[in-house]
Amino acid sequence: MTRLKAKYSPTKGKRKEDKHTKRMRKSSFTRTQKMLEVFNDNRSHFNKYESLAIDVEDDDTFGNLVLMENDKSDVDIPVIEEVTSSEDEQRAESSKRNNSLEDNQDFIAFSDSSEDETEQIKEDDDERSSFLLTDEHEVSKLTSQQSLNTESACNVEYPWIRNHCHSKQRRIADWLTSEIKDFVHYISPSKNEIKCRNRTIDKLRRAVKELWSDADLHVFGSFATDLYLPGSDIDCVVNSRNRDKEDRNYIYELARHLKNKGLAIRMEVIVKTRVPIIKFIEPQSQLHIDVSFERTNGLEAAKLIREWLRDSPGLRELVLIIKQFLHSRRLNNVHTGGLGGFTVICLVYSFLNMHPRIKSNDIDVLDNLGVLLIDFFELYGKNFGYDDVAISISDGYASYIPKSCWRTLEPSRSKFSLAIQDPGDPNNNISRGSFNMKDIKKAFAGAFELLVNKCWELNSATFKDRVGKSILGNVIKYRGQKRDFNDERDLVQNKAIIENERYHKRRTRIVQEDLFINDTEDLPVEEIYKLDEPAKKKQKAKKDKREGEIKKSAIPSPPPDFGVSRSKLKRKVKKTDQGSLLHQNNLSIDDLMGLSENDQESDQDQKGRDTPSGQDEKSPLETKTVDAQTRRDYWLSKGQAL
């Protein structure tokens with residue numbers, strides 16, 4: 001125990017540590033000393049040939065090449081002498097005088113003379129000059145290639161300005177307007193894209209008809225209005241004669257049918273929402289498809305939007321710009337609080353419809369798209385009162401209304417929200433799902449600042465500094481595949497628009513919820529619009545019958561025969577008048593009590609049998625007061641008759 005304590009005492013440990021350190025230093029020093037002794041060893045540098053004598057004649061002998069054909073002494077031996085240069089002789093003499101190896105001057109020269117170096121330098125200069133002095137055609141070709149590369153590098157982020165340079169525009173607003181038109185032409189659908197979408201819709205429609213013969217598939221949304229971006233989805237709706245396809249079982253049945261037919265991949269069925277929907281991708285065209293059920297408001301909205309496009313120039317251009325702006329910032333999805341397509345269209349339409357300079361015909365819309373785009377961002381990014389103001393569009397006219405006056409407005413998540421009345425249903429707020437309005441307003445305000453600052457910057461720049469610049473590129477980003485500037489909508493018919501117009505020609509406006517006209521059958525228009533007259537109600541038929549009886553009783557009786565005495569005639573007329581008065585009184589009582597005519601007739605027959613034949617019937621009008629017992633007996637008899 002004592003040794004252990006001494007071993008682990010601080011002093012012992014310190015002494016042991018110092019001893020170990022000294023040993024390491026000594027060993028390292030010894031190893032280093034042995035390595036340095038190599039340089040002090042003269043034996044490794046001993047010159048073994050120092051004692052040998054150098055013969056001067058060896059140079060001449062060594063320089064001669066002797067060829068011996070045979071050993072005969074009488075044969076002359078030819079000798080070929082190699083002439084050495086003066087520099088070689090001088091080098092040999094210097095080597096004889098000095099031992100370069102001993103003097104540590106045994107370096108190897110890379111060239112024999114400076115003439116070779118000068119010749120090499122001249123050759124390099126000739127090659128460099130020959131490379132620089134190329135043909136003028138090749139120089140211009142290289143310059144043009146470099147300029148094309150520079151232009152392509154500048155147009156990577158702004159492909160719509162390729163071969164469309166507007167930097168020489170004197171007015172910056174005209175530059176922005178031209179750039180907006182170029183962008184719209186750049187993203188407009190080509191002939192192949194329209195054909196691809198038409199084929200996809202035809203395949204889906206045949207599949208729905210194959211599953212349900214009484215149903216049909218219709219297209220609404222951006223594809224039915226020509227307001228879709230490249231690669232945007234297609235909105236469809238399935239309507240049937242019985243209007244029962246919104247049931248969950250039918251939805252899953254259609255989903256299985258499309259998947260078995262190979263028309264859908266990455267399918268998602270959403271049934272626990274207000275509007276059930278099927279989302280999938282068509283594998284051949286890679287287009288996103290959304291299918292809803294038993295809805296007609298989208299088809300009505302598509303027709304209304306096409307009317308707006310015909311009446312409002314510049315609406316399509318601004319809508320496509322705003323859609324791309326929101327798409328690049330991921331603010332176009334309603335499920336995440338963004339703005340939907342119909343909401344954007346209503347915003348732009350109300351903006352153009354209420355712009356003071358447009359209403360006064362002060363400016364042309366198509367020539368001032370740049371200014372209008374900046375005004376749009378300023379209005380909805382800085383000046384619009386989202387807390388108190390709503391937008392109303394009725395009969396093609398837009399207006400602002402206070403939210404307090406919209407009594408049927410559903411309460412939103414926050415007071416700061418966008419409210420737009422549905423043009424087809426004034427009680428519906430089409431923008432109630434856009435709950436992320438704060439970020440959308442910030443995006444609009446930021447776009448306004450970017451456009452204004454860029455316009456000021458390029459307005460003060462020279463034409464040389466404007467080359468390759470873009471104003472719209474500060475707020476619009478397009479990262480899709482390269483496209484051509486071909487707007488080929490006039491070359492191919494859009495079947496979605498044709499089917500929508502045909503649908504509205506066949507369809508009548510639905511008045512009752514339980515009335516649905518099957519517009520899928522190819523019937524004449526006259527038969528579709530022909531409605532059966534509804535059957536008359538029973539009460540109305542009874543009332544008409546009673547009125548006819550009263551009119552008959554009011555008609556005077558035919559003239560009597562001359563053989564009848566006057567007294568009998570008076571008596572007969574008196575009875576007729578009394579019977580008509582009694583009948584009128586009974587009608588009023590029956591109408592008040594709700595008794596039928598059969599009960600009345602049976603009651604009268606019973607009274608007729610009880611009354612003696614010789615007595616005259618007394619009219620109820622002669623009784624001025626009716627006591628309680630009489631009323632009790634009357635109602636008791638009515639109850640027994642029933």
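Any Cβ shown, glycine's included, is placed from N, Cα and C.
In the shown protein chains, 16 other C-beta atoms lie within 10 A of the C-beta of Asp233 (Mg(2+) binding site). If you look up Swiss-Prot, you'll see Asp233, Asp235 marked as Mg(2+) binding site, on the strength of similarity to another entry.
Counting Cβ atoms from all protein chains shown, Lys323 (ATP binding site) has 22 others lying within 10 Å of its own Cβ. Marked as ATP binding site by Swiss-Prot: Gly298, Lys323, Asn428, Arg432.
Marked as compositional bias 'Basic and acidic residues' by Swiss-Prot: 88-100 (among others).
The annotation compositional bias 'Polar residues' is assigned in Swiss-Prot to 578-588.
The compositional bias 'Basic and acidic residues' annotation in Swiss-Prot covers 604-635 (among others).
Broken down by DSSP into helix, strand and coil, the domain 'PAP-associated' (368-428) contains 18 helix, 14 strand, 29 coil. Per Swiss-Prot, the feature domain 'PAP-associated' maps to 368-428.
Annotation source Swiss-Prot lists phosphoserine at Ser596 (among others), citing a large-scale study or a structure entry.
As annotated by Swiss-Prot, phosphoserine applies to Ser602 (among others).
The region 'Disordered' annotation in Swiss-Prot covers 1-29 (among others).
Among the features that Swiss-Prot reports, region 'Disordered' is placed at 84-104 (among others).
According to Swiss-Prot, the feature region 'Disordered' maps to 535-642 (among others).
Each residue contributes its Cα atom, and for Asn428 (ATP binding site) and Asp235 (Mg(2+) binding site) these two points are 20 Å apart.
Note: Arg432 (ATP binding site) has non-local neighbours Glu410, Ser412, Ser417, Ala419, i.e. same-chain residues 6+ apart with C-beta under 8 A of its own C-beta.
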